[in-house]
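Report on one structure; see the data block that follows.
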Amino acid sequence: MLAFLNQVRKPTLDLPLDVRRKMWFKPFMQSYLVVFIGYLTMYLIRKNFNIAQNDMISTYGLSMTELGMIGLGFSITYGVGKTLVSYYADGKNTKQFLPFMLILSAICMLGFSASMGAGSTSLFLMIAFYALSGFFQSTGGSCSYSTITKWTPRRKRGTFLGFWNISHNLGGAGAAGVALFGANYLFDGHVIGMFIFPSIIALIVGFIGLRFGSDSPESYGLGKAEELFGEEISEEDKETEENEMTKWQIFVEYVLKNKVIWLLCFSNIFLYVVRIGIDQWSTVYAFQELKLSKEVAIQGFTLFEVGALVGTLLWGWLSDLANGRRALVACVALALIIATLGVYQHASNQYVYLASLFALGFLVFGPQLLIGVAAVGFVPKKAIGAADGIKGTFAYLIGDSFAKLGLGMIADGTPVFGLTGWAGTFAALDAAAIGCICLMAMVAVMEERKIRREKKIQQVNIA
């Protein structure tokens, strides 16, 4: 029934290497565009919820705590799915898996729309459909990473993955425009248009994506990327292959027993409190506390994503200039985040609000990218998916969930850790950023030792 998700591996064509290399580009670009556009579209049917919050409050009388409960459902299933669904997808045709999951997620969001009537809602159905949507979206990043890794040479993989990484920034930045167009032009200003229109787009993108590309050049008889581009298999990968380690053995040895991965997991928890805390509540804070218009509030949300796009491209490059010191560069960004949060909290006018959100997007997505890049440096290629999965699971189950429900309760006036109101919300954001700095500083020390150790080995080999 789901045979289209199985991997296809054809015998290598009896053609010269340079001919097969020329044949590589077209199917690669098809596959690359499918995962890029597919992941971008996932954000259109995820971030529209953030855009619609003020209208859901005014139309249906939902409280911030209830909105937080809906978001919590997504966070839990997304977090669990990051490990479970990604583990299942490993060994499947990941290029096909992503658009299939996009289609299922879009169907769930249509169900979410149906749970909102003319003037009433079913909170249970809203939580259920949004949670299912999160479960299906959870493997989007892992499938994209797996597909691109199988297609590209190591020396250019960072460029391709770095550019792919802006897909979710573009999706987040475009979510407001797509959602508002659906509501204002297709549904006479009703909030359900913010969910139905993006879902229809996602269905179209998903079905088209199933028709183009595949997860590896081996699907076309072109051979492995290493063979096509004259690269040796890395030492870490050779070790796992020579020992014939199973996926579970690799997961235990290189992830569960890896203290750096655990430090990065907890760093990611704190970072997600900051990132999702800003992302989830910026429009509500601007409208309720700063007394700005809904239009300006949404502009700030969009600028946060635009700043993230720029930051995603720049911070990785800066860490390369620092000779791979990802954690150290992340600490610099985190220190700047704390200072900028103060400006955002006390924004005196809309221009300060907009500028501070752009700056926060630029800064927050630097450490998010660098935590992932740092993790890659401490595991073999076969463990990257597992490391990314467990890191994401912790971030969403704890960090994302607290940012949505915990911060929502604090803003509503419910004491959490002795914090109440918007002042308490910002105190929690500051504390999370400080916690992330402390953990990343520990990673920076271990990263420095690794860099110096590898440098000595390289000097010995040259001598």
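Using N, Cα and C of the backbone, Cβ positions are placed for all residues, glycine too.
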Same-side membrane placement of Asp55 and Ser122 in Swiss-Prot: yes
Sequence-remote partners of the topological domain 'Periplasmic' (404-425) [C-beta within less than 8 Å, at least six residues beyond its ends]: 63-65, 67-69, 71-72, 75, 273, 276-277, 280-281, 284-285, 289, 345
Distal contacts, the transmembrane segment (298-318) - CB-CB under 8 A, six or more residues away: 47, 50-51, 158, 162-163, 165-166, 169-170, 172-173, 175-177, 180, 278-279, 282-283, 286, 292, 329-330, 333, 353-354, 357-367, 369-370, 373
Average model confidence [pLDDT] within the topological domain 'Periplasmic' (281-297): 83
The transmembrane segment (97-117) vs the transmembrane segment (327-347): 3 or more CB pairs under 8 Å: no
Within the topological domain 'Cytoplasmic' (211-259), residues counted as helix, strand or coil by DSSP: 27 helix, 0 strand, 22 coil
Number of helical, extended and coil residues in the topological domain 'Periplasmic' (281-297), per DSSP: 12 helix, 0 strand, 5 coil
